[in-house]
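One structure is given below, encoded as structure tokens.
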Amino acid sequence: MPNIDTTINDNTGDHLALNSEHTKKYNQAIRREKTKALLLVLPLLFFLIVFFITPIGYMLYRSFYNPSVANLAPKTSEILTQWQDISKPPNEATYKTLAYEIKYLQKERLSGKFAEEVNRRLPRTGSVIKQTARKIKKIELDEIKNYQALLTSLHEKWGKPKIWTGIRAASHKFTINYYANALDYKLKPSGEIVKQPEDMQVYLPILKRTFTIALIITLLTFLLGYPVAYYLSLIPLKKASILLIFVLLPFWTSLLVRTTAWIAILQSNGVINQSLLTLHIIDKPLDIIYNQFSTILAMTHILLPFMILPLYSVMKGIDPSYVRASQSLGANPFKAFIQVYFPLSLPGLSAGALLVFIISIGYYITPALIGGVDGQLISNLVAHHMRSTNNWELAAALGSVLLILIIALYWIYDRLVGASNIKL
């Protein structure tokens, strides 16, 4: 007769081995599924890293890193780091080193770049360097015995310590100077940070104007878009689908075309002014273009769909029985709307407001075309420094300040409203 205990142990061992094999196969299947999911997400991850994270990281890096002066005049930059008594000009060796490096830069046609970089750190210095470079080109430096006297004879400012402190400050590879400039402060060569005089402040007023205009546009799109979205959510789906085509129509039209259309409408001999003149309502054309008014009007029209679509998406999911129930309990239609319907639509309103506000802050082409002088936003200044002044570091600092402010506003919004309440 077989041993019962031995049989039970054998069966238990078989079950354990079978379970272990099933667990192994299950884990392998899970790993395969995770690998497939990762491969599917990999192109999107690559796209985000290359076209989103990397540019932002590079912008943040360029905003405080500028090795131009240190690379153009490396020996002078190194010597000036050891210069202690800044109340007096540096020693003769520093003058000699700079004289040779300026002559070399002039020969390589890089003296203008050197002068430009130093001038950004210490205004009215660039002309001194350029003048010195032109004159020193014809001088045989090996025959000079007193280089301090030579440079001072080329321009008297070389005999004063101020220009040398400017070169030393500009030679620092890492600096907060561009952030100071972006906030209308000035970083002196001595390291002291002082606020710019009110009549010389440029960036903070435009930054305030940018946020003000973005807030006005967000408010206008809400006032115009909420009734439209509410109406679309009430009518039959077939009719709503037809009307939604008109909401989506701007997305099928080039932004440049839409902006140009506003120029045709608002200009002095445009549709509005000509109609009012024909009807004898006005005596001369209204000034309604190339100012803040035209910027706000055109951007409100362009960004209106970004408010309507999230609102419509949320409103379509609101059960009408809630409003009817509140009315059956004695609330009038207005009170039922304010206390029941409107709070339920807040997730869509939050999403639309956030979209419109953030897009408005960084908008470029519309203010550039019809904004004039007082309708320009901070994005136009960023483009100006990248294209015209070639000051990429200041442009990067302005962009970084804008990014930090947007992140701060989003953090405040998340604390007050909650990002989980946003619905698209």
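Note: Cβ is positioned from N, Cα and C throughout, glycine not excepted.
Database features (TrEMBL):
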- 37-61: transmembrane segment (TRANSMEM)
- 207-413: domain 'ABC transmembrane type-1' (DOMAIN)
- 210-230: transmembrane segment (TRANSMEM)
- 242-265: transmembrane segment (TRANSMEM)
- 293-315: transmembrane segment (TRANSMEM)
- 336-365: transmembrane segment (TRANSMEM)
- 394-413: transmembrane segment (TRANSMEM)
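For the transmembrane segment (210-230), the residues of the chain that approach it from at least six positions outside its boundaries are 247, 292, 295-296, 299-300, 303-304, 306-309, 311-312, 315, 345, 348-349, 352-353, 356-357, 360-361, 375, 377-379, 405, judged by C-beta separation under 8 angstroms. The highest tally of CB pairs under 8 A with the transmembrane segment (336-365), across 37-61, 242-265, 293-315, is held by 293-315. When Cβ-Cβ distances below 8 Å are used as the criterion, the transmembrane segment (37-61) is approached by residues 396, 399-400, 403 of the same chain, each at least six residues removed from its ends.
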